Amino acid sequence: MGTSAVILEICLLLSQVLTTVSSTTQTESTTEDRTQITETAFWETQTINSVSESDLPGTHASSFHTEEPLTTIAAEGTEWDLALRLVNGGDRCQGRVEILYQGSWGTVCDDSWDTNDANVVCRQLGCGWAVSAPGSARFGQGLGPILLDDLRCSGHETYLWSCPHSGWKTHNCGHQEDAGVICSGAQRSSTVIPDWWYTTTRSQTAHIRSTIPAWWHPTTTTAARTEWDLALRLVNGGDRCQGRVEVLYQGSWGTVCDDSWDTNDANVVCRQLGCGWAVSAPGSARFGQGSGPILLDDLRCSGHETYLWSCPHSGWNTHNCGHHEDAGVICSDAQRSSTVIPDWWYTTTPSQTAHIRSTIPAWWHPTTTTAARTEWDLALRLVNGGDRCQGRVEVLYQGSWGTVCDDSWDTNDANVVCRQLGCGWAVSAPGSARFGQGSGPILLDDLRCSGHETYLWSCPHSGWNTHNCGHHEDAGVICSDAQRSSTVIPDWWYTTTPSQTWWHPTTTTAASPSSPCGGFLTSASGTFSSPSYPGLYPNNANCVWEIEVNSGYRINLGFNNLQLEVHINCIYDYIEIFDESPGSNTSLGKICNHTSQIFTSSYNRMTVRFRSDGSVQKPGFSAWYNSFPRDASLRLVNSNSSYPSCAGRVEIYQGGRWGTVCDDGWDIQDAQVVCRQLGCGNAVSAPGNAYFGPGSGPITLDDVACSGTESTLWQCRNRGWFSHNCGHSEDAGVICSVPAFTTTPPATNYSCGGFLSQAAGGFNSPFYPGNYPNNANCVWDIEVQNNYRVTVVFRDVQLESGCNFDYIEVFDGPYRSSPLLARVCNGASGSFTSSSNFMSIRFISDVSVTRAGFRANYYSSPSSGSTRLHCLQNHMQASVSTSYLQSLGYSARDLVIPGWEWSYQCQPQITSTQVTFTIPYSSCGTIQRVDNDTITYSNSLRAAVSSGIIKRKKDLNMYVSCRMLQNTWVNTVYIANDTLEVQNVQYGNFDVNISFFTSSSFLYPVRSSPYYVDLNQNLYLQAELLHANASLALFVDTCVASPYPNDFTTLTYDLIRSGCVKDETYQSYSQPSPRIVRFKFSSFHFLSRFPSVYLQCKMVVCRAFDSSSRCRRGCVVRSKRDVGSYQEKVDVVLGPIQLQTLHAEKRSLDQPAVDLEEKASAQGSYDGAAISAGIFLVVVLAVAAFTLGRRGRAADGQPLISKT
């Protein structure tokens, strides 16, 4: 019995062992299957659509499957085929560095590998900072190609491949030198599966552990439902907020049929993905045909559902469609870039990664929204508000969620929150714990946002964890995209949101508005209006419209009607327009009365703010906007013998092609703008129906509606660029006038020459087609935007016969220092093109015979893209195309600043398309030369063949030079012996900041525009040269007054000319520094028929301590015709100045503007309004003056003006 019992126990033990082994094997198989499915889903979301599923790395049985796939993470770069990961290290933040390049994963060599390089990897992967940068294949040897070697990161790059390196696949390494990284976010045990992984399995509870980095959730474009296998994404649309709609269902991504698909359905998608609202709901496979199952059909959303699959539909996998009917969405937050970004990019940001789809727990999205900053431990959300776009503001900081105090909390702060979370704009900024009291730390207090910041924590505040608040003061936000489920609409709602009700001006009964209060406008053109327009707008309105159009375009803004409560300084109800340029926003104007002015942005963004106070109400305003390309030019072509000049078919240049204008709505006012823009006088006729023949290019504009006062054709209202319903049989034309013909030169004063800075235009000899004067010496300087070239065309040349008497000279740059391209004489014609962005035309006549003269037009076109040079205030930026270098046999790494190869400051930024050097004027070997009031900064770039006995390719030398106040050669290439030399010289600008001040103390700048003043009031001006070079000085050469903003020759009054004071009230003040000048004069106006006065001041830039410079010579008397070149002057136009009038109907706060100094003291301080002006750049700043009588200045030849 004892032996039997022992045998029985042994058998039972063997049975248990076998059972355990079997169970373990089955579990491992299940785990492997699950891992394979997860990897497949990962790769499916990380590859561009053109790659078939069979080609996806995650679907192959490759060696990567044995290298702990659970702990591998990838971060993508800007190129579609670049990604980064750490493998074989035990968790996602340590391991061997691998890069996905051209479809294959490869390693990085450890030559020069250090913690600077490792820091870039850790930051890119959202893994904190580098703890260690081990080499020698510390995490095992890789199997793919060795992609990068000799990396020399500074530690601040966004992507590892942005660091200087020896070139892709250029190395001298083996896999035994594979580089690795250990980041601060690495797990400290490789045997434990990290907590965040548990949310990816079906059997585990979906809890977010503290180990999930802050950036994980807000950057994904998938939105999960309560079922583990449901998620949403947009693919193949170029960015994360537009594309084909795809749903993850039962482990596979599928499409949605476009039957009944409309903006209500699309709105649900955009809201669910945090992409704003629906701009469009395209069907018919607009973003390409999908390849998976068609999951949903006949969707009938109301637009308020939380998830797309919550809408009524025909059932999962029930449809009668094909993939040619796949539905798409374009959301308001979609990028406006034409660059195609692969599908996998949509789930991440450039500096972080989030490869998660179904792993996000369902409860995360419906009630909270997070938005991550670049720091791994910062995020933002709204909680306890009923949906993702309203609630208590909470910030994730150092691993814990905390609240924000409501001290100084307002809609500017709330706007930043709403924009950061993709929730539209701020409807309200409630405090006092409106959404309940939080329980975590109070992280921020005294926030003072401008409303334009990208992140809430970028706003000025009192410091992290620094406050004097309790949780009863927790701040909240209600955004425009918040659900309208609340049963009680608060009173403040009616004046601040595009809701269903609105305050009526005389009763508490709400009236329906005709337009919302603020919003984001992303169309190429559009309209908007004040709340309830044309009804009365509400009191205490604060509306902000943010307009953003395609990159490379600018914005025009005009007003159809404007009726606000009027005040001379617009302090009650007003509209303010801001020019949103990179890194700053500048006020273009503050208005409260109707104006025909067109406001134009410098870049592709503009902000319009409307504010009303607590009393008087008016109908408000109706505004329109459109956009136009920055490189637009204008010309007339195909004129006939009846109209030899200033007539023809209207054509516009944009994007490398000339296109026509449709004649729909084309009239004399439109033609007037064309004639003025080209310097062709007034419009005589505006023929349509292809009067000058049909064009062959694109039809660029249609439905043009000019008022006749615009400065360019594209400032006029139109249908949008390349949007039309026309054919070339409807091409528009113009016939312009010319001044009256005279046979003898007039005995009156004349002006010739000047500075032309438009992209295209025209000019002519004095009195053309009347006879030009004797002894003329006229110089026209033409400067267009950087890296463009100028082409001038002479259409009619009637000069004295023989080139030794009267002639025209064309210079490739400023005429005193540049090569002569041609001398044009009687009867000649043709066109000439500069090698840079600057050209000078000089016209000379002798003492005898005169004739009709000439007229010419010019236009600009882009120069070669192989090399570019930009001259900025404190450094130059030289860019060279990598394809150009490759064509010469060099790689991007071969190009250096000789002698400065190892200085970090002097190393280039290398991308796949160009090599860019940022070269300071004060270092990296830059040479400064001062000559004749001109400062030239020069340096060189070199790519040389390695030393050896023989060589088979030329050395490359590139000379770069910025001549401040002089000219440029760009992309002039010539061969010299065995060296290929490229000389780049760029014409640069000095910037001058000029402002009006309220008194001689120069403490308070004047902000209002126009600037209303009393007759004979002292006007104080300060101009400052903005440049880092302390050896420069500024001098006021000439200031001329005119009643016209663009004409300073017909009727003028001199304040100071050539340094000689002409007006007895002009007075200069001592200079606080050589770069600042101050002066004053008394206000006046030109007779009673001219209500405004404009000033044109010419500022001269000199060497500060040069006794022979122009700044030291003071008053200089010189001949009128000795115009020389304007290259040392900065021209600034100021105006209009208008007489201050009192408004009797205004409240008792109005007082006569007797002493602006006292007003300044009472108000504390004024905001500054300064306008920067480059060389020859005409900048309009509002100022003002008026008249009641007149006074003659006949002795000086000055026009009649009034000062008493």
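For all residues, glycine too, the Cβ spot is worked out from N, Cα and C.
Listed features, source Swiss-Prot:
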- CYS109-CYS173: disulfide bond (DISULFID)
- CYS122-CYS183: disulfide bond (DISULFID)
- CYS153-CYS163: disulfide bond (DISULFID)
- 232-332: domain 'SRCR 2' (DOMAIN)
- CYS257-CYS321: disulfide bond (DISULFID)
- CYS270-CYS331: disulfide bond (DISULFID)
- CYS301-CYS311: disulfide bond (DISULFID)
- 380-480: domain 'SRCR 3' (DOMAIN)
- CYS405-CYS469: disulfide bond (DISULFID)
- CYS418-CYS479: disulfide bond (DISULFID)
- 517-628: domain 'CUB 1' (DOMAIN)
- CYS570-CYS592: disulfide bond (DISULFID)
- ASN585: N-linked glycosylation site (CARBOHYD)
- ASN593: N-linked glycosylation site (CARBOHYD)
- 634-737: domain 'SRCR 4' (DOMAIN)
- ASN640: N-linked glycosylation site (CARBOHYD)
- CYS662-CYS726: disulfide bond (DISULFID)
- CYS675-CYS736: disulfide bond (DISULFID)
- CYS706-CYS716: disulfide bond (DISULFID)
- ASN749: N-linked glycosylation site (CARBOHYD)
- 752-861: domain 'CUB 2' (DOMAIN)
- ASN932: N-linked glycosylation site (CARBOHYD)
- ASN977: N-linked glycosylation site (CARBOHYD)
- ASN993: N-linked glycosylation site (CARBOHYD)
- ASN1029: N-linked glycosylation site (CARBOHYD)
- 1168-1188: transmembrane segment (TRANSMEM)
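Residue counts for the domain 'SRCR 4' (634-737) under DSSP, helix first, then strand, then coil, are 16 helix, 31 strand, 57 coil. In sequence order, CYS646, GLY681, ASN682, ALA683, VAL734, CYS736, SER737 constitute the residues six or more apart from CYS675 (disulfide bond) in its chain with CB-CB distances below 8 Å. Highest local Cβ density among the disulfide-bonded residues CYS301, CYS418, CYS479 belongs to CYS479, counted as other Cβ atoms within 10 Å over all protein chains shown. In three-state terms derived from DSSP, CYS109 (disulfide bond) belongs to an extended strand segment.
Straight-line distance linking the Cα atoms of CYS321 (disulfide bond) and CYS301 (disulfide bond), rounded to a whole number, equals 19 Å.
Each residue of the domain 'CUB 1' (517-628) gets a DSSP state, and the totals for helix, strand and coil are 0 helix, 59 strand, 53 coil. Taking CYS311, CYS662, ASN993 as the recorded positions under consideration, the smallest Cα distance to CYS163 (disulfide bond) is found for ASN993. There are 26 other Cβ atoms within 10 Å of the Cβ belonging to CYS270 (disulfide bond). Here the disulfide-bonded residues are CYS109, CYS311, and the one with the most other Cβ atoms within 10 Å of its Cβ is CYS109. Most buried of the disulfide-bonded residues CYS331, CYS726, judged by other Cβ atoms within 10 Å, is CYS331. Sequence-distant contacts of CYS257 (disulfide bond), defined by Cβ-Cβ distance under 8 angstroms and a gap of at least six in the same chain, are ILE294, LEU296, ASP297, ASP298, HIS319, ASN320, CYS321, GLU325, ASP326, ALA327. In the structure shown, across all protein chains, CYS163 is the one of the disulfide-bonded residues CYS163, CYS173, CYS321 with the greatest number of other Cβ atoms within 10 Å. Cβ-based neighbour count (10 Å, all protein chains) for CYS570 (disulfide bond) stands at 21. Taking Cα separation as the measure, CYS301 (disulfide bond) is nearest to CYS418 of the disulfide-bonded residues CYS122, CYS405, CYS418, CYS716. Remark: of the disulfide-bonded residues CYS153, CYS469, the most isolated position is CYS469 (fewest other Cβ atoms within 10 Å of its Cβ). The number of other CB atoms found within 10 A of the CB of CYS706 (disulfide bond), across every protein chain shown, is 22.
In three-state terms derived from DSSP, CYS183 (disulfide bond) belongs to an extended strand segment. Using Cα positions, the member of the disulfide-bonded residues CYS122, CYS153, CYS270 nearest to ASN993 (N-linked glycosylation site) is identified as CYS153.
Within its own chain, CYS716 (disulfide bond) has ASP670, VAL673, VAL704, ALA705, CYS706, SER707, GLU710 as residues 6 or more apart in sequence whose C-beta sits under 8 angstroms from its own. In the three-state DSSP assignment, the secondary structure recorded for CYS469 (disulfide bond) is coil. Note on proximity: among CYS109, CYS122, CYS311, CYS479, CYS570, the disulfide-bonded residues of the record, the Cα nearest CYS469 (disulfide bond) is that of CYS479.
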